[in-house]
């Protein structure tokens, strides 16, 4: 029952013939992956021999391999690259050391989030950028328009012919390191860093210590022609299993991470999304005439005056009941006063399958411990707001 529901949840009406395929498609099918439409691609939601809960827990305890090649990999270069990023994001990339990466957001002129993104500074005015698959067309149009209007001397180029694999979990370090050239290590690769490493067979891979699960792990960019062999080598280790979209979603929900189109969209600011930290200290309250990011006045007003009306929250059910899904309404305990909306919801395998979720509520009701109700199928179920992440993260840091 759970498996059928999960598959339905990730499915869509898009015709199979129109779906794109990653370089690992044949391997997914060979491994018994149930392929569903996702962001224009045929992607595995589950694999034969696994339930959603089993694949989720396997990643938390061992190593899970995810195909995230549907994500867009790009490179921004040129003398004006940093200034351009400072126009479209609120993050300080000038002071970011080379080789370091950070999460950020692309902003429109009203301060709304066009997309969330992982940006790595490869060198001065040279950035590697990963954005969401479902936002590709809109992102590229937004960037093209911004480049034309801003007149910065830089070029945003989509990287072709490379796959992106995410190896996540407490055993990921050992699994990847065993495949590196003799003498190479990932022990010097801390959370947020990205480096080029060489496999034992001579293939170069670009490795970032990052991910979408809250666990230690890596996102690895590799040429398409080497991707299947590399994935198979990772899976040859008995602690590694292929993991699909179902577990990826519940893992990120436990980790308090946003999913674009659910927690984030073009009408929501970073402050409303509880992502204040993406607005770097050095980009706040700048002097007149200094370079300001898109939506600066609105975002700084929200930061300085707490003028925003809603805040992203996480919650846990306090009693049993069906999980609230996207669009479910949130009420005060009187079951009459609507105060928010659910953006994502699921059972949490790490919390004994207690139902959890994220959403937005009116500012002032967003504090940890606040008790509210969610409405599911015309019935009300009690929830308690909780601090994110709902499950402790295990990042590999200094």
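Note: Cβ is positioned from N, Cα and C throughout, glycine not excepted.
Taken from TrEMBL, the feature domain 'GCVT N-terminal' covers 24-280.
The annotation substrate binding site is assigned in TrEMBL to 219. Cβ environment of residue 219 (substrate binding site): 68, 118, 130, 164, 165, 166, 207, 208, 210, 211 lie under 8 Å away, each six or more residues apart in the same chain.
What TrEMBL lists as domain 'Aminomethyltransferase C-terminal' is 320-391. Mean predicted confidence for the domain 'Aminomethyltransferase C-terminal' (320-391): the pLDDT average there is 99.
In the three-state DSSP assignment, the secondary structure recorded for residue 219 (substrate binding site) is strand.
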